[in-house]
Amino acid sequence: MAQSESNQVKRELKTRHLSMIALGGSIGTGLFVASGSAIATAGPGGAIAAYVGIGLMVFFLMTSLGEMATYVPVSGSFSEYASRFVDPAFGFALGWNYWFNWAITVAVDVSTTAIVMHFWLPDVPGWLISMGFLALIFVINIISVKSFGETEYWLSLVKIVTVLVFLVVGLLTIVGIMGGNGPIGLKNYTTGAAPFVGGLPATLAVFVVAGFSFQGTELIGITAGESATPETSIPKAIKQVFWRILLFYILSIAIIAAIIPYTSPNLLGASVDQVAISPFTLVFDRIGLAGAASVMNAVILTSVLSSANSGMYASTRMLWAMGGSGFAPRVFQKTNNRGIPVAALLLTTLVGAFTFLTSIMGPHVYQLLVAASGLTGFLAWLGIAVSHFRFRRFREARTRSE
C-alpha cells in the first residue's frame, strides 16, 4: 500500500550498523550465562554439536531472509513477505506474533536490568530501576533511527571486545601461558562421560538453549527498509555475521569446556542473578583477574540493554508496517518528521511497562514472559522459512513466464 511522505521511515542505517545489529542481537546472556548450563547438560561435545547445528540453521535462515530483504527492502519485512508470497492471513498472524515476541522481550529485558543492577544496588527497588531503563530505551528510539543504530553499534562493540578478550585469555590459559597451573590441554573433554554426556536426548535439550541464544539474528530483515543501500549492505552484513557468530559461539564454548569441567556445579547453576558463577567469570577468575564478577556484570548489563534496544526498534517497526498494510489500526502507520512511528513506540513502551508486574507478583511472571518470548521467536523463524519457500516459487514462476 502506498504511504504518504508523513508516514515514511528514514533510510539512515549504514552497513556498519546492520552488521553490529545482527551480530550484537545474538551475543547476549545466552552466551555469557546459559552456555554454562549447556555444557553441564550435554558435555563439551554435545554442547558444541548443538550450537553448530543451530548455527547452520541460522545461516540458512539468514540467507533466506537476506534474499527476500534485498529483493523487497521494506521495514517490518516478515509480515510483508508473508502477506505477499503466502497469504494475507499468514502475514497478519506472523506480524502480530513478531510484535508480541519483541514487545515481551523488552519487558523481560528491563526486568533483567533490575536483577543485574541488584549486584551493585541491592537496596534500590527493582521497579524503579526497570522504569529508569525503560525510559532510557524509549528516549533512544524516539530521537531517530540513527540514534538507535549508533547506540546498538557501541553496545554490541562492548560485547564483541569482551568475547575477543575471553578467546585470547582462554587459549593462553589452555596452553599454560596464563593461569599459573601449566598447560590444561583438552583433558576435560574426556573426563567422566565426556565428550557427549546424556546421549542424544541431552544434546537435543541443548538445541533449545542454543536456539534461544541465536534469536535476534533475524533483526537485519527489519532494518532493510531503513538501510541506505539495502541491495549491497544486507548481503554483506549477512555474510559477515554468520561466520563471526559461529566463531564466537563455538570457540567460546570450546574454551569454557576445556578449562571448566562439565561436572562443575557452578556451570549448571549459572544464571543472570548469579553472575559470580557465569562461565566467563569462572575463566577470568582462574587467571586471577581482579573484579571479574563486576566486569562481567557490566558486560551482561550492556547485553540486556542491547537486546531491549533492538526489541523496541523491531516491535515498533513491525507495528508501523502492519498499520500500513491494514493489519493494525492506521494510527500506528503515522511517523513524525524524523521518521519515528511514535504511536507504535508508545504502545510498545506501555507493553514493556508490563514488566512492573514481575516486581509485584514474583518470579513466576518473569519466567512466563521468558517462555512466551522464546516460543514466539521460534514461530517467527518458521514463518520466515515458509515465506522464503513461497518466494522462491514465485521467482521461478516469474522467470518462466518471461
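Quick reminder: no glycine exception, Cβ is built from N, Cα and C everywhere.
Those TrEMBL annotations? Automatic predictions, nothing curated.
Pulled from TrEMBL:
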- 17-399: domain 'Amino acid permease/ SLC12A' (DOMAIN)
- 21-42: transmembrane segment (TRANSMEM)
- 48-74: transmembrane segment (TRANSMEM)
- 99-121: transmembrane segment (TRANSMEM)
- 127-145: transmembrane segment (TRANSMEM)
- 157-180: transmembrane segment (TRANSMEM)
- 192-214: transmembrane segment (TRANSMEM)
- 241-262: transmembrane segment (TRANSMEM)
- 287-308: transmembrane segment (TRANSMEM)
- 340-362: transmembrane segment (TRANSMEM)
- 368-391: transmembrane segment (TRANSMEM)
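The transmembrane segment (192-214) shares the most Cβ pairs under 8 Å with 48-74, out of the stretches 48-74, 99-121, 157-180, 241-262.
Of the candidate ranges 21-42, 99-121, 127-145, 157-180, 21-42 has the most C-beta pairs within less than 8 angstroms of the transmembrane segment (241-262). Residues of the same chain lying 6 or more positions beyond the ends of the transmembrane segment (99-121) and with a Cβ under 8 Å from any Cβ of it are 29, 127, 129-130, 133-134, 137, 272-273, 275, 293-294, 297, 300-301, 304-305, 307-308, 310-312, 314-315, 318-319, 322, 348-349, 351-355, 358-359, 366, 369-370, 372-373, 376-377, 379-380. Taking residue pairs at least 6 apart in sequence, the transmembrane segment (157-180) and the transmembrane segment (21-42) share three or more C-beta contacts under 8 angstroms.
Tertiary neighbourhood of the transmembrane segment (287-308): same-chain residues 24-25, 27-29, 32-33, 105-106, 109-110, 112-113, 116-117, 119-120, 133-134, 136-137, 152, 155-156, 158-159, 162, 169, 173, 178-180, 216, 272, 275-276, 278, 280-281, 352, selected by CB-CB distance under 8 Å and a gap of 6+ residues from either end.
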